[in-house]
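J.: First the structure, which I've put down as structure tokens, then a few questions once you've had a look.
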Amino acid sequence: MRRSPSQELAPGTWAPARRIAERVLGPIERFLHVEAASGVVLLVASAVALAWANSPWGDAYEHLWHVPITLGVGSLAFTQPLHFWINEGLMTIFFFVAGLEIRREIHEGELSDLKRAALPIAAAVGGMIAPALLYLSLNASPASRHGWGVPMATDIAFAVGVLALLGKRVPPALRVLLLALAIIDDIGAIIVIALFYSSGVVWSGLLVAAGGALAVGVLQRFGVRSPAAYVAPGAVVWWGMLRAGVHPTIAGVAIGLLTPVRSWFGSQGFVAAARDAVDRVAALTERDGHRADELLKPLGRIRQAQREALPPVVRLQAALHPWVAYGIMPLFAFANAGVRIDASSLGHAASGTILLGVTLGLVAGKPLGVFLASFAMVRLGVCALPRGVGWRGIAVVGCVAGIGFTMAIFIAGLAFGDAAMLAAAKLGVLLASAVAAVVGLLVGRLALSGAPAPGAALTLAEAEGSTEQ
């Protein structure tokens, strides 16, 4: 039935729909923007922690993280130091967001197609193996070799931040490649943590975690849409992992991977629901003497339709990512980057080789592994370089991938129980990350030109499919 002029949609009526389109079409641009800006916050938090730890008030810094915090009441109370709640509690949310990113990439991103994923997978694997081997070549003793996983990690916030400083020199396809590489690197780090940096498995704990995961699946099956309903079963998964001897942050990854990638509403369902609600708003506003509170229900329906038109994985990532980037990660850096630099803290016999192994692993091993693995895969014909990206661009990605920082510090905390060895590993991470950032900037300025190469992908949308050659 044809609408009368009074029923035609007024300008701005579809503003919610436009906002949804922007959120669906531009997730990578926003992701890169948040990551680049959060790198500055991370840097400030780390600098403050390092300065405080080496000041006359350094003991207060150490004591702060041992303050006991209790959650729960009575027999259900659980008491742990503040440092635990940051590293094992809040970091679970970080790993949950990482799980969401991985889930999206597998469904619709660079990891959804094997040919597109081949290059970033090869680069990431090479960038993990080479640093680990370089570290082990310098740390063969049982006391220090357990830290081989430390130089494998890449901090996506700092890496993307360095690329952002290079401005228009960096082609969009190179940014997408770095993003995909970093996500695969996260997958590798998660596997390493689960397999090599967790204590002996207690099967009863795994059964508890499996029960929590099953509850999540049941809620999804019955169409429960409120995120709050999933907090309790998610906490059960976390508790089960902790009791099982598996690092509890893995629970965040597991729940992230279980998050639905399809929206509750299809596009047609959203249009129908929104149109019906808009028609009701139009009818109410045309009626004399209508009350403002009568608009609450149809406007609420529009908001609900807008919310449910987005897949849960997209909506949760958009909601949590800024909190993780600007809150959890800087807090983690502040709690873990405060390394006291003196003879007593670095006096362990193995400290020197640990520091050297971590530093060289990130600064030299990362770019070498990324470049050689990419070169081998392209020469073997398994994949092709993205449009507009040359070998100089791959070298730049390898350099900035050596910025390990937060994830490397996280693994160091799992690898070393000795305070001096942990301090050496953290210092190596901080030193290597600073050097890798400077080298990445210098190589980027020298190797990348401001003009796009012929046939280069000019937008992120083009860049996402540019490896399908």
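Positions of Cβ are set from backbone N, Cα and C atoms, glycine also.
Copying in the features that Swiss-Prot gives for the protein in this structure:
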| type | residues | note |
| --- | --- | --- |
| TRANSMEM | 31-51 | transmembrane segment |
| TRANSMEM | 82-102 | transmembrane segment |
| TRANSMEM | 118-138 | transmembrane segment |
| TRANSMEM | 147-167 | transmembrane segment |
| TRANSMEM | 176-196 | transmembrane segment |
| TRANSMEM | 199-219 | transmembrane segment |
| TRANSMEM | 235-255 | transmembrane segment |
| TRANSMEM | 319-339 | transmembrane segment |
| TRANSMEM | 353-373 | transmembrane segment |
| TRANSMEM | 394-414 | transmembrane segment |
| TRANSMEM | 423-443 | transmembrane segment |
J.: Using Cβ distances below 8 Å and needing 3 or more such pairs, separated by at least 6 in sequence, tell me whether the transmembrane segment (423-443) contacts the transmembrane segment (353-373).
T.: yes
J.: Taking 3+ C-beta pairs under 8 angstroms (sequence gap of 6 or more) as contact, is the transmembrane segment (319-339) in contact with the transmembrane segment (118-138)?
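T.: Taking Cβ pairs at least 6 residues apart, the transmembrane segment (118-138) and the transmembrane segment (319-339) are not in contact, as fewer than 3 fall under 8 Å.
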J.: Which range wins on Cβ pairs under 8 Å with the transmembrane segment (82-102): 147-167, 176-196, 235-255, 353-373, 394-414?
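T.: Most Cβ pairs under 8 Å with the transmembrane segment (82-102) come from 235-255.
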J.: Are the transmembrane segment (199-219) and the transmembrane segment (394-414) near each other by the rule of at least 3 C-beta pairs under 8 angstroms (pairs 6 or more apart)?
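T.: Not in contact, no.
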J.: Who are the chain neighbours of the transmembrane segment (235-255) in space, where the CB to CB distance is under 8 Å and they lie at least 6 residues beyond its ends?
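T.: Same-chain residues near the transmembrane segment (235-255) but 6 or more away: 88, 91-99, 102, 190, 193-194, 197-213, 215-216, 414.
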J.: State the residues, same chain only, that lie 6 or more residues beyond the ends of the transmembrane segment (199-219) and have a CB under 8 A from a CB inside it; answer 'none' if no residue qualifies.
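T.: Sequence-distant neighbours of the transmembrane segment (199-219): 229-230, 232-246, 251, 254-255, 258.
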